[in-house]
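As written in TrEMBL, here are the features:
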type     : residues : note
REGION   : 1-85     : region 'Disordered'
COMPBIAS : 14-24    : compositional bias 'Low complexity'
DOMAIN   : 160-272  : domain 'Phosphatidic acid phosphatase type 2/haloperoxidase'
TRANSMEM : 161-183  : transmembrane segment
TRANSMEM : 220-245  : transmembrane segment
TRANSMEM : 257-276  : transmembrane segment
């Protein structure tokens, strides 16, 4: 049997240590034994931890990023929380459901009743008449008319009634402007801003100033003027049709007019409680008589 080959030092070739290249000529397993020996040497006491980490980072497993390195930074950032308005309320209250349902019905009914919102609407031909009715409930004509009648009055009783009417109109303008500025509800989308005279707060819808004024003035007239029954019915009809015209013109929603009627009714109670007379406000009447 032929003897095995020997190298220059006289040792058999099979006893030589495998090369680190791990080529197939040397059995293909040399690379695995080299990595195993390098891991053992990294765990041995006194081994350099920096070299061990470098050899571990050169592993094909770590190059693919299958397993994160120990201590390799913090975890990936979580997505930011959704805004409060984009979150879904999974347990809404009964009051919240009722208010949202009422708001949806209010918007739907207001759009259905806005038959005079534009010239192309179903009742667009009646729009000029509705705008004339709108002027009859505006605050400026009522203030100017009350001041004129107060300047022309020659009786103490007449001046007292007109003075309180002026006070109620000013109170109405102040309260409506204050509530509109606080609530800031926009007017309906189908509204056309072509009113007779507007202020900065008139871009808001809640409550209806015409409705509050109609309820206030009609109750004031019915309590302080002696009128026949047909005229009293006409005053009530004027207030009701004026409030309805606000919805038909698209100026307000139904709830704006309904709350306006309630506010105007309560405003007269305030005026009646704080009734101005020569006994409780003598300075005011003396100054007016001197003018």
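Any Cβ shown, glycine's included, is placed from N, Cα and C.
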TODO: Just give the helix, strand and coil counts over the domain 'Phosphatidic acid phosphatase type 2/haloperoxidase' (160-272), going by DSSP.
DONE: 83 helix, 2 strand, 28 coil
Open item on the list: Limited to the domain 'Phosphatidic acid phosphatase type 2/haloperoxidase' (160-272), I'd like the whole-number average of pLDDT.
Closed with: 91
